[in-house]
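The following features are taken from TrEMBL:
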| type | residues | note |
| --- | --- | --- |
| DISULFID | CYS153-CYS186 | disulfide bond |
| DISULFID | CYS154-CYS170 | disulfide bond |
| TRANSMEM | 20-41 | transmembrane segment |
| TRANSMEM | 62-84 | transmembrane segment |
| TRANSMEM | 90-115 | transmembrane segment |
| TRANSMEM | 233-254 | transmembrane segment |
Amino acid sequence: MHYYRYSNPEISCWYKYLLFSYNIIFWLAGVAFLAAGLWAWSEKGVLSDLTKVTRLHGFDPVVLVLVVGGVMFVLGFAGCVGALRENICLLKFFCGAIVLIFTLELAAAVLAFLFQDWVRDRFKEFFENNIKSYRDDIDLQNLIDSLQKINHCCGAQGPDDWDLNIYFNCSTESKSREKCGVPFSCCVPDPAQKVVNTQCGYDIRAQKKNQWDNLIFTKGCIPALEAWLPRNIYIVAGAFIAISLLQIFGIFLARSLISDIEVVKAGHLF
């Protein structure tokens, strides 16, 4: 008589340690984001006075860094511990969160494509609100300066949008030295100039508009971004696909490991 030995179900080490490696990267990245955000807030004195966050009427980029870092930290931690401890609850939490994020990203991309005018109006409103708060926060200031320098643009729709800021406003009541000017990031760079001239935008808008072209960027940042997107659509699409594939891979690993654990647990019951 022959006896057949059936192998007991086992949890795949490949799924387990691939998922752990996948999440340790996210967890470390989350730690780095949180550390950078907290350091930026400590430099601005926010940690000693949290009410400073609510005083800023514009967008504080550090908040975005902290939110992204917090989400990555929590998901990375849940994935790492869930994989090592073979904890189904943590794995399901990780998998469900990634599915939710992926769905929100896909929905946002579809809605942005279908309602382009609405998105453009909201971005214009967002940019104008941040122009008003340009001098209130150094991180916001650096963000706007970087955006204007990279895209060779000035203001939301043009340089006159800087009238929204009390320091650059052209009104007769203004006593600011920057009155009727623009930030230095609006200036056309001089190749021969090695040191950045932060006063290059002073009094520019007090001159005739036909003289602006040689001194500052006259295109608004919204038209500049709208022109940039079609030229770089393959880069944007490639980045979106790469991020989506990473998320799908994480979902696949988590679901596969959950299935293995459930099979092993079911096998122990008999």
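Using N, Cα and C of the backbone, Cβ positions are placed for all residues, glycine too.
Automatic prediction, not curation, is the source of TrEMBL annotations.
Separating the Cα atoms of CYS154 (disulfide bond) and CYS186 (disulfide bond) is a whole-number distance of 5 Å. Packing against the transmembrane segment (62-84) from elsewhere in the chain are residues 16-17, 19-20, 22-38, 40-41, 44, 46, 53, 90-91, 93-94, 97-98, 101, 139, 250, 254, 257: each is 6 or more residues past its ends and has a CB under 8 Å from a CB in it. The Cβ of CYS186 (disulfide bond) has 27 neighbouring Cβ atoms from other residues within 10 Å, across all protein chains displayed. Outside the transmembrane segment (90-115), and at least 6 residues removed from its termini, the chain residues within Cβ reach (under 8 Å) are 23, 71, 75, 78-79, 81-83, 240, 243-244, 247-248, 250-251, 254-255, 257-258, 261. Under a cutoff of 8 A between CB atoms, and with a sequence separation of 6+ in the same chain, the neighbours of CYS153 (disulfide bond) are LEU147, PHE217, LYS219, GLY220, CYS221, PRO223, ALA224, LEU225.
Cβ neighbour counts within 10 Å, taken over all protein chains shown, single out CYS154 as the most crowded of the disulfide-bonded residues CYS154, CYS170. On a Cα basis, CYS186 (disulfide bond) lies 17 Å away from CYS170 (disulfide bond).
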